[in-house]
Amino acid sequence: MKIGIPKEIKNNENRVGMTPAGVLELSKKGHEVFVQSTAGDCSGFDDKDYHAAGATILPSIDRVYEASEMIVKVKEPIEQEYSLIKENQIVFTYFHFASNQNLTEAMMNNKSVCIAYETVEDDDGTLPLLTPMSEVAGRMAIQQGAKYLEKPVKGKGLLLGGVPGVPPGKVLVLGAGTVGIQAAKMAAGLGAQVTVLDVNMNKLRYVNDIMPSHVVTEFSNEYNIRKHLQTSDLVVGGILITGAKAPKLITRDMLKLMQPGAVIVDVAVDQGGCVETTRPTTHEDPAYIIDGVVHYCVANMPGAVPYTSTLALTNVTLPYVLNLAENGWENACEKNNSLAKGLNIVKGTIVCEPILAAFDWNKSFA
Ligand SMILES: NC(=O)c1ccc[n+]([C@@H]2O[C@H](COP(=O)([O-])OP(=O)(O)OC[C@H]3O[C@@H](n4cnc5c(N)ncnc54)[C@H](O)[C@@H]3O)[C@@H](O)[C@H]2O)c1
């Protein structure tokens, strides 16, 4: 199969859809890979690396789309890319259709085959192509939170780990899922006092089993959240109710309970955020202050660490790419139930129910 790797053109998106290691695996199996020149630069891979792995380097994004039967990328296509996508072309990437009607209509009109990373789902309900980005964001939440606790960026002026003779900071983690566990682990590693809240007892049992004794678990309810907000220096929001908007566990009035200069990193911002005062920010201007509390709410946190995120993402996408390249999308999806769940739009027809529900469309629309 002819496979294209374009350069990402969305603002501040530094990841790339495939590493030279992935190109090598595809080339060994006889597939042709077209990589847009400089596509991997921000992730630490230059054109020579891709060429050595067997790719053909093309000078423009148009040439990559033109030459390829399947496009493998990271972010959803933006408007400039809509017209580049051809009938029957497979596009394998994050789409998040339910939050973007223009994109949905454009991909229906061009009659491509859209397979979305975020809806590829294993039999146990886990989302294998989303998990690594939650791992990155969970770990980053503590890095960013610790930074924004510094005085020059209007934080409280507190070193999260403390020093001998001075106690460490307190971290409250909302949610004991992928983001929450990674955040708790990083905070514990810095020596902070960590509390993890969740409504799922099995998740709390797991955290309790694997974490050191300065990470404690408590059931998530309003009473406990209000109690902990009074003493927490850093709060991490890692809540998810699959498919739904995140519940607002911290309401505006609760900010008054917090100390001036305390920091909230609401990782769940992409689902609307679990804090009432959350609004999406970018890496260019990541934080703002309300009632003295610093809010960090970047919706694509992994984009800031492309060296790590590109590898983490492509580690999990490559087996699916190989399957699609070997078997074509119809056979690959027939044989692999997880991949089949990634099918969102097929040649003009929406085949993923939640997208129809999101726009209140019935099936006859398709
Ligand atoms: N901002 C970013 O760049 C970025 C990157 C990756 C992931 N995310 C987002 O982070 C969020 C968390 O992702 P995840 O992979 O950790 O999800 P997850 O499903 O692994 O974990 C979510 C946890 O929230 C818990 N939960 C639900 N309701 C709760 C409540 N009322 N109180 C306490 N806990 C509750 C669930 O029991 C679960 O353990 C998602 O919205 C995801 O999209 C954002």
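Residue numbering: from 1, along the chain as shown.
Glycine is no exception: its Cβ is also placed from the backbone N, Cα and C atoms.
Here the structure is a predicted model, which means the values were calculated and not measured.
What TrEMBL says about this protein:
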ACT_SITE  H96  active site, proton donor/acceptor
ACT_SITE  D270  active site, proton donor/acceptor
BINDING   R15, K75  substrate binding site
BINDING   S134, D198, K203, S220, 239-240, 267-270, R279, 298-301  NAD(+) binding site
DOMAIN    4-137  domain 'Alanine dehydrogenase/pyridine nucleotide transhydrogenase N-terminal'
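Structure coloured by features recorded in TrEMBL.
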residue : record                             : DSSP class
R15     : substrate binding site             : coil
K75     : substrate binding site             : coil
H96     : active site, proton donor/acceptor : coil
S134    : NAD(+) binding site                : helix
K203    : NAD(+) binding site                : helix
I239    : NAD(+) binding site                : coil
V267    : NAD(+) binding site                : helix
R279    : NAD(+) binding site                : coil
M301    : NAD(+) binding site                : helix
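Taken in sequence order, the binding-site residues K75, S134, I239 that lie near ligand 1, meaning a CB under 6 Å from one of its atoms, are S134, I239.
Sequence-distant neighbours of S134 (NAD(+) binding site) (same chain, 6+ residues apart, CB-CB distance under 8 A): G177, T178, V179, Q182, G238, V267.
On its own chain, M301 (NAD(+) binding site) has V136, A137, M140, A141, Q144, V267 as residues at least 6 apart in sequence with a Cβ closer than 8 Å to its own Cβ.
Each residue contributes its Cα atom, and for K75 (substrate binding site) and A299 (NAD(+) binding site) those atoms are 12 Å apart. For R279 (NAD(+) binding site), the nearest of the recorded positions by C-alpha distance turns out to be D270; the candidates were R15, H96, D270. The average per-residue pLDDT of the prediction over the domain 'Alanine dehydrogenase/pyridine nucleotide transhydrogenase N-terminal' (4-137) is 96, rounded to a whole number.
Every protein chain considered, the tally of other Cβ atoms within 10 Å of the Cβ of I239 (NAD(+) binding site) stands at 24. With the fewest other C-beta atoms within 10 Å around its C-beta, A299 stands out among the binding-site residues V267, V269, A299. Proximity to D270 (active site, proton donor/acceptor), defined by a C-alpha to C-alpha distance within 10 angstroms, is shown by none of the binding-site residues R15, K203, I239.
Fewest other C-beta atoms within 10 Å: among the binding-site residues R15, K75, that description fits K75.
Remark: of the recorded positions H96, K203, R279, the most isolated position is R279 (fewest other Cβ atoms within 10 Å of its Cβ). Closest by Cα distance to R15 (substrate binding site), from the recorded positions H96, K203, I239, V269, A299, is A299.
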